[in-house]
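Colleague: Summarising the annotation, Swiss-Prot assigns active site, nucleophile to C323. Residues annotated as active site, proton acceptor in Swiss-Prot, with sequence analysis given as evidence: E357. The annotation S-adenosyl-L-methionine binding site is assigned in Swiss-Prot to Q189, Y217, N222, E238, D298.
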Amino acid sequence: MNLAAMDPQTYDAQLEHKRIKLEQAFAQFETPSVEVFASEPANYRMRAEFRMWHDGDDLYYYMFDKVLNEKVRCDQYLPASVLINQMMSALIAELKPNPSLRHKLFQVDFLSTLSGEILVSLLYHRQLDDQWRTNAAALKAKLSSQFNVNIIGRARKQKIDLDKDFVVESLQVNDKTFLYKQIENSFTQPNAKVAVKMLEWAIDVTQDSQGDLLELYCGNGNFSIALAQNFNRVLATELAKPSVEAAQYNIEANGIKNLQIIRMSAEDFSDAMAKKRSFRRLEGIDLDSYVCNTIFVDPPRAGIDPDTLALVQGYERILYISCNPDTLKDNLEQLYKTHRVTQFALFDQFPYTDHMETGVLLERTQ
């Protein structure tokens with residue numbers, strides 16, 4: 001974290017620097033001009049994590065500034081949503097005078113939504129007892145007069161949910177509203193308004209699609225649910241059990257009838273498609289019945305492994321969302337042999353940092 005860089009007055013200049021850097025890095029692939037999707041310059045992050053500092057009777061949030069090499073007190077946090085900033089003030093006022101709730105509290109995590117829900121996770125270096133549960137329930141009741149809030153307590157090998165461990169986000173994407181269950185301690189897009197722009201872009205560049213869609217690394221179904229309208233059927237894979245459960249919830253909540261989620265890794269699915277191995281999880285699923293002309297991938301920062309990349313390269317169209325331009329560039333070295341980039345986008349999920357979220361659409365040339 002570099003707090004000095006978080007200046008809304010310099011946001012446009014910082015984003016332009018990213019655009020230039022991205023275009024230069026990918027010039028060898030003869031990409032079209034980068035389409036840039038900006039963030040709000042403040043209050044854009046829907047989740048935030050803070051360490052807690054105990055100083056006598058005082059208690060406050062802090063982060064570590066890697067540039068200054070020191071901890072920085074954070075009574076408010078410019079990148080965090082307005083809802084998180086409001087909760088930060090209300091929560092600390094309740095924690096300070098409560099020994100049971102503040103004792104050995106070392107971290108607080110917030111997960112908020114555009115729909116107005118917020119989840120607060122309190123992390124401790126001690127086991128939580130009945131007294132903690134009673135006090136936490138009273139805290140939730142007090143905060144509920146101002147917020148739609150749920151509270152979770154965490155300690156080593158211990159988790160206490162007072163009610164539920166998730167929020168339900170509501171995203172307005174073009175003329176449709178999509179509901180997404182987001183589970184505590186699972187991956188979600190941190191910048192909800194930019195996430196909407198990503199969904200709208202993906203829908204736009206695939207609107208003339210034929211046949212079915214295959215998605216790898218689908219998470220909670222964020223993209224596959226929104227893209228289902230453009231395809232006959234969608235087959236999606238995800239390994240993490242909580243994400244798969246959230247995806248099934250989201251499929252039902254959004255009334256999606258043409259999407260099937262398989263819980264398995266991209267690597268295993270690649271083996272299944274290549275007929276190298278058979279998997280019990282694929283029993284009853286006729287992979288050969290899918291006519292997937294388009295594949296969608298949103299891999300982790302490490303990019304796509306070689307076997308999966310070979311699978312991806314076999315499709316006519318490849319929609320690739322990347323959170324790491326370096327590994328995207330590495331993967332394009334191979335994909336560029338058979339495909340050309342027809343759409344190129346920069347989504348500023350992480351203002352005031354060097355991180356760049358990118359999207360490319362590749363179409364087969366041979």
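For all residues, glycine too, the Cβ spot is worked out from N, Cα and C.
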Colleague: Within 10 Å of the Cβ of Q189 (S-adenosyl-L-methionine binding site), how many other Cβ atoms can you find? Include all protein chains, please.
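Modeller: Looking across every protein chain shown, the total is 26.
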Colleague: List the residues in the vicinity of the S-adenosyl-L-methionine site, defined as same-chain residues other than Q189, Y217, N222, E238, D298 with C-beta within 8 angstroms of the site's C-beta centre.
Modeller: F187, C218, G219, N220, G221, F223, S243, I321
Colleague: Between N222 (S-adenosyl-L-methionine binding site) and the residue listed as 'active site, nucleophile', how far is it from one CA atom to the other, in Å?
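Modeller: Their Cα atoms are separated by 15 Å.
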Colleague: In terms of DSSP three-state secondary structure, what is the assignment for C323 (active site, nucleophile)?
Modeller: coil
Colleague: Secondary structure at N222 (S-adenosyl-L-methionine binding site) (DSSP, helix/strand/coil)?
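Modeller: Looking at the DSSP assignment, N222 (S-adenosyl-L-methionine binding site) belongs to a helix.
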Colleague: List the recorded positions among Q189, Y217, E238, D298, E357 whose C-alpha is within 10 Å of the C-alpha of C323 (active site, nucleophile), in sequence order, or say none.
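Modeller: D298, E357, listed in sequence order.
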Colleague: Measuring Cα to Cα, how many angstrom lie between Y217 (S-adenosyl-L-methionine binding site) and E357 (active site, proton acceptor)?
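Modeller: Checking the Cα atoms of Y217 (S-adenosyl-L-methionine binding site) and E357 (active site, proton acceptor) gives a distance of 16 Å.
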Colleague: At its widest, how many Å does the recorded S-adenosyl-L-methionine site span between Cα atoms of Q189, Y217, N222, E238, D298?
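Modeller: Largest Cα to Cα distance for the S-adenosyl-L-methionine-binding set is 16 Å.
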